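According to Swiss-Prot, the protein has these features:
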DISULFID  29-44  disulfide bond
DISULFID  65-95  disulfide bond
């Protein structure tokens, strides 16, 4: 099997370069889901469905979020099925982050 091991972070701010990480978790998806991520099984299943592309994660359109701007930045770094992966995205606030990434960034 090709390795799939990631480190995910979340912090307040508009970019990873200026935001201090508030939380970080590890996520290993091969051969089985493990790591410090609180929902490793669900997060791995969602990443598999998105072919390892965090930008393709399905958003939950049923969630209603306020329009407050309190930016939250997430990062993913590591290896997905043997390929290097580096991803960064800024969400308008924590609610939008949680709705926009299902289990992957909910930690």
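Placed from the backbone N, Cα and C atoms, the Cβ positions cover glycine too.
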Taking only the Cα atoms, work out how far residue 29 (disulfide bond) lies from residue 65 (disulfide bond), in Å, as a whole number. 30
Counting across all protein chains, other CB atoms within 10 angstroms of the CB of residue 29 (disulfide bond) number 25
According to DSSP, residue 44 (disulfide bond) sits in helix
Helix, strand or coil for residue 29 (disulfide bond)? Use DSSP. coil
Take the Cβ of residue 95 (disulfide bond) and count every other Cβ within 10 Å, whichever protein chain it belongs to. 16
Note: in the chain of residue 65 (disulfide bond), residues six or more apart in sequence with C-beta under 8 angstroms of its C-beta are 92, 93, 95, 96, 99
